[in-house]
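Annotation source Swiss-Prot lists region 'Domain I, interacts with DnaA modulators' at 1-87. The annotation region 'Domain II' is assigned in Swiss-Prot to 87-176. The region 'Disordered' annotation in Swiss-Prot covers 113-163. Look at Swiss-Prot and you will find 123-135 tagged as compositional bias 'Low complexity'. Feature annotation from Swiss-Prot assigns region 'Domain III, AAA+ region' to 177-393; the stated evidence is sequence analysis. Residues or ranges marked as ATP binding site by Swiss-Prot on the basis of sequence analysis: 221, 223, 224, 225. Positions annotated as region 'Domain IV, binds dsDNA' by Swiss-Prot: 394-513.
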């Protein structure tokens, strides 16, 4: 009976919690029953402490509500339910098995394939090996190859972008840089980049018949460049003789200026209009460059008319690029425009585990979770944080622990805590919606105030470690059920209301960048 009651409570928690939190902390729980006792297993003290603070109270409430007066006695253990000698943790909470959460995250990140079976309970060493293997499915994108620590004998030298020179007759020498380390195989896929990855693969595997142009947009360090290089590398793998040209938009401008200086503009046009695939990064740098926009406009038209593939990236939606001609914005919308969002928690953990594995460094799962929960903005910041931790570990001759991470990232963590405080969230939301902070704390229920208040509560729940009662208290003394309702409402609206979805995304980016 205890196991059935537990499963019932888990289903209720699935409805109450955001999918990310449920999948990370609740879904992988290991339980077993013996008589009236329900044993719940967690992998380590870090996870126990986290769940104790965030979820234990609600779990006990549900067990009591649905146990018909016969709620089971909970025994909380550290280990696995098949472990021969689990370690008791008196007064410890229910917890998620972090290693299995990693397996679930990596499974979600893998390219579409046959559904993987649910992980069976295993011994702790086997779980660790399986989680590490799962984390190796892919690698999160970055502009530069990973070089965690210069001078460390245990690490490989960084792999630089390969220079691929395409020579044509005339005065100009055209160079395309494709980074061979950026492939689809080592790209970590998650909810934040799933559509972008699928679209890029469609273009790479079926050029000229997929989406043309493909326009990827999003903040820095989220994987746009990785996907662009992955397409180019796949095209060359299929056809080594293909003329695939990757360049930054400023390089296109520089080439055009040089062509004008050398009186070789016809050669410039002939080269760029004869490629099989043109990949241009950071197209927003064309803004207010009228001659460059004019030339690119005609090049773009010629390529699409000839059935050649065009892929573009930008840090913002094309129609939001100020100083870009409307005719270009219109043409960029002819194909598919896809946003690349900041990675969610599971993906961030998988990134860190993969990068640590590449660097041949042992990164405990609780350490990966600790970093991932605090560095939310983009992959480059994650990599930078991990590099500092690895360097600190190497120079101090110490293993990577939570304590060492706190020491090595002290300034960064202090800044993050300052940026994502509830006070700062309230101030940022009030400024965004052009209302007063006092409105957020008031009893006013008009939609112009109530909706921003709900957004601020949802952001506080996602970005801080405060409990629901604590959040309610700083929003005018509201109770935890009001905060829970606000979070559920905003999650629903993000699925159905494009304006709320865009507002939430903009605020999240502001608070975590």
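Including glycine, each Cβ sits where the backbone N, Cα and C put it.
Its Cβ placed at the centre, residue 221 (ATP binding site) has 23 other Cβ atoms within 10 Å. Taking all protein chains in view, 29 other C-beta atoms sit within 10 angstroms of the C-beta of residue 223 (ATP binding site).
For the region 'Domain IV, binds dsDNA' (394-513), the DSSP-based tally of helix, strand and coil residues reads 93 helix, 0 strand, 27 coil. A mean pLDDT of 88 is what the model gives for the region 'Domain IV, binds dsDNA' (394-513).
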